[in-house]
Amino acid sequence: MEPQRSPLLEVKGNIELKRPLVKVASRLPLPGSRRKRGPDQMEDALEPEKKRTRGLGTTTKIATSRPRAPVLTTVPPTQGQTAAPKVPKKTGPRCSTAVATVLKNQKPGPAVPAQKPSTAAPPMVGGKKPGKRPAWDLKGQLCDLNAELKCCRERTQMLAQENQQLRDQLREAQQQATALGAERRTLEEELARVRTQAEQGQQELGNLSARVLELEERLGTQEGLVQELQKEQLGLQEERRGLAARLEEQERRLQASEAALSGSQAEVASLQQKTAAQEALLAERDERLHGLEMERRRLHNQLQELKGNIRVFCRVRPVLPGESTPPPGFLLFPPGPGGPSDPPTRLSLFRSDERRGTLSGAPAPITRHDFSFDRVFPPGSGQDEVFEEISMLVQSALDGYPVCIFAYGQTGSGKTFTMEGGPGGDTQMEGLIPRALRHLFSVAQELSGQGWTYSFVASYVEIYNETVRDLLATGTRKGQVGECEIRRAGPGSEELTVTNARYVPVSCEKEVEALLHLARQNRAVARTAQNERSSRSHSVFQLQISGEHTGRGLQCGAPLSLVDLAGSERLDPGLALGPGERERLRETQAINSSLSTLGLVIMALSNKESHVPYRNSKLTYLLQNSLGGSAKMLMFVNISPLEENVSESLNSLRFASKVNQCVIGTAQANRK
C-alpha cells in the first residue's frame with residue numbers, strides 16, 4: 001500500500017505564487033517538546049517513546065505511526081491584510097468524521113517513520129497558548145492539524161484572489177505597455193520623418209543660400225550691364241533722332257517710289273497676263289507639236305511599210321576608165337509607171353547564148369532578162385540621189401525602229417563605194433555611212449528643241465572566214481583574231497554585243513570620219529582576177545541610238561546597221577593564180593556559205609517559219625535583231641555594166657529578185 005500524501009503538501013503544491021515563499025516554523029505541538037522546537041529536537045524528544053514501544057509488535061507500530069508534517073513556507077501578509085484567525089480545537093464525532101474525510105481524500109505519499117505516541121498540547125483558547133497534548137492523543141492532534149489546514153486554505157484563497165488581482169493588473173500594464181510601444185513607434189516614425197524634413201529643409205536652405213549668392217552676383221553683373229546699356233541707350237537715342245530724320249526723308253522718297261511702283265505693277269500684271277497667255281499658247285503648241293511629231297512618225301512608218309519592210313534597190317555602177325564600153329542595148333532602164341518623169345524601177349539585161357549559136361551555125365540569139373525592184377539607179381546616179389531615197393528609212397532609226405541596209409554584189413560592182421564613198425575627202429563622193437550619220441545628227445539636233453535627247457555609240461567589225469574582228473582596234477589588239485565573240489548583253493536580254501570590241505560614243509562628223517579611216521586600214525583585202533583590191537570579208541557598221549524625252553517620260557532605242565557584204569562571185573572567175581589558191585578558195589567558200597544563209601534567213605522570215613537559222617552564220621547571228629519582223633531592211637544589189645560580168649550580174653539580180661518578193665510583218669518601234 002502506497003503511503004498517503006499529507007494535506008499540507010497538497011495545499012503547498014496548489015499554491016502558485018510569483019514571489020518565493022519564506023519558511024516559517026510550524027505551529028503544531030509535538031509531544032515532549034516546546035512550541036519553538038525544531039524538527040531535530042522533536043525527533044530527540046520522541047526517541048524514548050520509540051524505545052518504549054519497540055517491543056509492542058507490528059500492530060502497535062502501525063497504529064501509532066502517522067505522516068510527518070512538512071514544514072510550511074508562506075508569504076508574509078501584504079500591506080492592508082491581516083493574518084487568518086486561529087480555529088479552536090474541535091472534539092467529538094464531528095471531528096472524527098472530518099478526519100475520516102481528510103484521510104479518504106488524501107493521496108498516497110512517501111512513507112515516513114512511525115513516531116512514538118506522545119501527549120499533544122491542547123490548543124490555545126481565547127488567544128492563550130494551548131497546553132501540550134500527550135502523544136497518544138491522536139484525535140486532538142488531528143483536530144489541531146485540521147484547524148491549521150483550514151486556516152492555510154483560507155489564506156491560500158486570499159493569496160489566490162490577490163494573485164488574480166495582480167494578474168489583472170499585470171495584463172492591464174502589458175496592454176498599456178503595448179499601446180505605449182505602438183505610440184512610441186509612431187512617435188519614432190514621426191520623429192524620423194520630421195528629421196528627414198528637417199534635413200531636406202536644411203539642404204534646400206543651403207541651395208537657396210547658394211542661389212541667393214548666385215543671384216546677388218548676377219544682380220551685380222546686371223546692374224553693371226544696365227548702367228552700360230543706359231549709356232548705350234543715350235547714344236542710341238541720339239542715333240534714333242538722326243535716323244528718324246533720315247526715315248522721314250526716306251518715307252517721302254518711298255511714297256514717290258510707291259507711286260511709280262503702282263504704275264509698274266499694273267504694267268507687270270499686264271505683262272504677266274500676256275506671259276501666261278503666251279505660256280498657255282506655247283504649251284498648247286508644244287502639245288500640238290508633240291502630237292504632230294507622233295503623227296509624223298506614225299505616217300512615216302506607215303509610208304515605209306507601204307514601201308515594204310524589205311526593199312531592194314538596184315544600182316549599176318558607171319564604166320570606169322580603161323574598161324571596155326558595153327554594146328548598145330546591153331542594159332535598158334524602162335521608165336517608171338508614171339512615165340519618164342518617174343524614177344525607174346525596172347531593169348532589162350540582154351544576153352546572147354553563144355552555145356546555141358555554135359551548134360546550129362546561125363548567129364547566137366539574144367535573151368532578154370527583165371527585173372523589177374523598188375528603185376533602180378542607172379550608172380549616172382550620184383551618191384546624193386541614192387541617199388535621198390533612203391534618208392527617210394535612216395530617220396526611222398531615231399523613231400525606235402531597227403534599220404538594216406546592206407550592199408550585195410560581185411567584187412568590183414561598187415558595194416564599198418556605195419556604203420563608204422570614195423577616197424580623197426570629196427563630199428560629193430561620200431557614201432551612205434557618213435551621210436546617214438550626218439543626217440541623224442541634224443535631225444537629233446532639231447528634235448532637241450522638242451525635249452528629245454539622243455546618244456550615239458558606234459562599232460565597226462568584220463566577219464572574215466566566220467571569225468569576228470574589230471576594225472576599230474588599236475595598239476596591241478590590232479589584227480588579233482579569236483578574241484571577239486557574239487554574246488547577249490545580259491541574262492534575258494535580246495540585245496547582242498561583240499566581246500572585246502570597241503564601242504565608241506560619237507557626236508559629230510569628224511569622229512565618224514576618223515573611225516571610217518581606221519576601219520579601212522584594218523579591213524582584210526586581197527587581189528583577185530576581177531579587182532585589184534577586193535574586200536574578202538563582211539564589214540558591219542552598227543550605230544546604237546538611244547533617245548529620251550524626260551518631260552514626258554518617253555524612251556526609245558534601236559540599232560542602225562550598215563553592211564558591206566563580201567563579193568558574191570562564184571569560185572572560178574574570182575580565183576587568183578599563185579601560191580594562195582587554197583586560202584582564196586577557203587575565203588570564197590566561207591563568203592558563199594554566209595550569203596546563202598542570209599538568203600535562207602530572209603526566206604524563213606517571209607514564210608513565217610518557226611525556226612529561223614540565224615546561228616548558221618556569224619553574219620546573220622549578229623544581224624538577227626535587224627532582220628526580224630520588228631526591223632526595216634533595205635538591200636542594194638550592185639551590178640557591173642560590163643558584158644564580161646553578165647553571168648555574175650544575172651546571179652546577183654536573181655538573188656535580189658527573190659529577196660524583193662519576200663514580205664515581213666509590220667515593224668514595231670522599241671519604245672518604253
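Here the Cβ of each residue, glycine as well, is placed from N, Cα and C on the backbone.
Residues annotated as region 'Disordered' in TrEMBL: 26-95 (among others).
Marked as region 'Disordered' by TrEMBL: 107-133 (among others).
The coiled coil annotation in TrEMBL covers 149-309.
Residues or ranges marked as domain 'Kinesin motor' in TrEMBL: 309-662.
According to TrEMBL, the feature ATP binding site maps to Gly409, Gln410, Thr411, Gly412, Ser413, Gly414, Lys415, Thr416. The Cβ of Gly409 (ATP binding site) has 30 other Cβ atoms within 10 Å, all protein chains considered.
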Binding-site residues compared (Gly412, Gly414) - the one with the fewest other Cβ atoms within 10 Å:
Gly414
Of Ser413, Thr416, which of the binding-site residues has the most Cβ neighbours inside 10 Å?
Ser413
